[in-house]
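Residues annotated as compositional bias 'Acidic residues' in TrEMBL: 514-524. The compositional bias 'Polar residues' feature in TrEMBL is assigned to 529-540. What TrEMBL lists as domain 'Major facilitator superfamily (MFS) profile' is 24-508. Taken from TrEMBL, the feature region 'Disordered' applies to 510-540. Per TrEMBL, the feature transmembrane segment maps to 20-49, 69-88, 100-119, 125-143, 164-193, 213-232, 349-367, 373-392, 404-423, 443-464, 485-504.
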Amino acid sequence: MGKGQLEVLNALDVAKTQWYHFTAIIVAGMGFFTDAYDLFCISLVTKLLGRIYYHVDGAEKPGSLPPNVSAAVNGVAFCGTLAGQLFFGWLGDKLGRKKVYGMTLMLMVICSIASGLSFGNSPKGVMATLCFFRFWLGFGIGGDYPLSATIMSEYANKKTRGAFIAAVFAMQGFGILAGGIFALIVSSAFNAAFKAPAYEDDPIASTAPQADYLWRIIVMVGALPAALTYYWRMKMPETARYTALVAKNAKQAASDMSKVLQVELEAEEQKIQELDRDKGNGYGLFSKEFLRRHGLHLLGTTSTWFLLDIAFYSQNLFQKDIFSAVGWIPPAKTMNAIHEVYKIARAQTLIALCSTVPGYWFTVAFIDKIGRFAIQMMGFFFMTVFMFALAIPYDHWTHKSNRLGFVIMYSLTFFFANFGPNATTFVVPAEIFPARLRSTCHGISAASGKLGAIVGAFGFLYLAQNKDKTKTDAGYPPGIGVKNSLIVLGFVNLLGLLFTFLVPESKGKSLEEMSGENQDEGAQDMERNPSSNNSRTVPV
């Protein structure tokens, strides 16, 4: 351990995997579990909302949300998330990770409950209040991204840090799964208790009045896991890296980590002052020095996350076609409102079980063995291959006999998104930036991803419409068709693969080594002044 590394940080770097690591994964991961539940559960109930609030007498098909309302209900949480990532990312570096962590959780709990209590008798009133609370729900969820990643990376040891951060992110898969399973249980119970005919038999009676409670229950249960972890979040001490390197309080950092690691650590006040004097580490986010040291890194993390999320969130477009094609979801008019929720939840649960959840855990298993860079390159490569394989012979896949092949290819695309850039784009920004800008830079990278998600989910909703005006979905202008949209997505993944070259490998290195906080005035100065070499971390 060289002059540049504080003992308390070195102790964290070389610590054996112990109970507190798992506590941190669960406490941070439950936030992500809730995030995923809250963001994805709305897709389970949008069809139901259409039937309840936009029923048209005498129409052949059940009521559905108009395009602008559907975009608002689904998209408003994304906009909130983007704003939350930037704001709480910045705040996490200003006030400390722990203080802000509790705030985001409370916001999520309150807004989950409030969005289920959306009031008003008119469809407009219900949708407006639902959108309002889902925006603020998204704002809280946004804060969870930079804070969970930063807290986990600052608590973890060098050897298994990637797996720990990826495990926090992988809880998303369980959140999606839980959303689907809970909706299955509740809709089955409602269906058994409140029998209703199919829409084609009796349009009015097919939507039981109790269905209005169903969507509210599904939306509100998202508050439970978040509320349960609030106490544990408040008990976690501030991370030593923030306390020592940003707040400059060596004594507090040593005493906090002594309790966590259960070893005696001395406070190194003097060393912190020395580090401060020695190093040109006071530069800000908008300085030339940041641009020189980390400019390309930030471009790498923002661009890859942006491009990945365009592809990742466009999946919602094809999901309904795929489910209907495979016969998982029969035509809407053959079901009553509650049964439709059951069918949609079943389809989502199957997809989550088969491709979403396994992909995440493959990353956890391999990230510290083969590295972030290799996983991200491999993921983007296979996503590009499968997108083109779906797009170029698209007409071949539309025949009934070939549909199973289409579903397998489609599932593999998203398996490699999760065992690939979807996980690594979350891990890397938490490792490669200096402590006092870490949460902010992660927030910027994540917000760039959410911008991609908005492009993916809504841009492609319009793009993928049929070129023929008579065959578009109700209310949409003609687009370039599904085949051409898939080709565009293939090129998006290819770009992601190229931008991955800007992202450095952080496997097995300490955070201070990655961010250059152990170096005097960066590597260039070391070349000018070789005597400063001894201030780098000596690998333990």
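Each Cβ is built from the backbone N, Cα and C atoms, and glycine gets one as well.
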The transmembrane segment (213-232) vs the transmembrane segment (20-49): 3 or more CB pairs under 8 Å: yes
Would the transmembrane segment (69-88) and the transmembrane segment (443-464) count as touching if the test is at least 3 Cβ pairs under 8 Å, pairs 6 or more apart? yes
Where else in the chain does the transmembrane segment (485-504) make close Cβ contacts, counting only residues six or more beyond its ends and a cut-off under 8 Å? 296-297, 299-301, 303-304, 307-308, 310-311, 314, 317, 372-373, 376-377, 380-381, 383-384, 387-388, 390-392, 394, 421, 428, 432, 460, 463-464, 479, 514
Report, as numbers and ranges, which residues of the same chain sit near the transmembrane segment (20-49): CB under 8 Å and 6 or more residues beyond its ends. 62, 64-65, 70, 73-74, 77, 81, 104-105, 108, 112, 127, 134, 137-138, 141, 144-145, 148, 151-152, 155-157, 160, 164, 167-176, 178-180, 183, 211, 214-215, 218-219, 221-223, 225-226, 228-229, 232-233, 236, 260-261, 316, 332, 337-338, 340-341, 344-345, 348
For the transmembrane segment (373-392), sequence-distant contacts whose Cβ falls under 8 Å of one of its Cβ atoms, 6 or more beyond its ends: 304, 308, 311, 363, 366-367, 406, 409-410, 412-413, 416-417, 419-425, 483-484, 486-487, 489-490, 493-494, 496-497, 500, 503-505
For the transmembrane segment (443-464), sequence-distant contacts whose Cβ falls under 8 Å of one of its Cβ atoms, 6 or more beyond its ends: 71, 74-75, 78-79, 81-83, 85-90, 92, 142, 145-146, 298, 301-303, 305-314, 316-317, 425-426, 429, 476-477, 479-482, 484-485, 488-489
Mind pulling out the one from 100-119, 164-193, 349-367 with the most Cβ pairs under 8 angstroms to the transmembrane segment (404-423)? 349-367
If one takes Cβ-Cβ under 8 Å and requires six or more residues beyond its ends, the residues near the transmembrane segment (100-119) are 31, 34-35, 38, 84, 88, 91-92, 125-127, 129-130, 133-134, 136-137, 139-144, 147, 151, 215-217, 219-220, 222-223, 226-227, 229-230, 233-234, 236
In terms of Cβ proximity under 8 Å, which residues at least six beyond the ends of the transmembrane segment (164-193) contact it? 21, 24-25, 28-30, 32-37, 40-41, 44-45, 148-149, 152-153, 155-156, 208, 210-211, 213-214, 217-218, 221-222, 336, 338-339, 341-342, 344-346, 348-349, 352-353, 356-357, 359-361, 363-364, 367, 418, 423-424, 426-427, 430-431
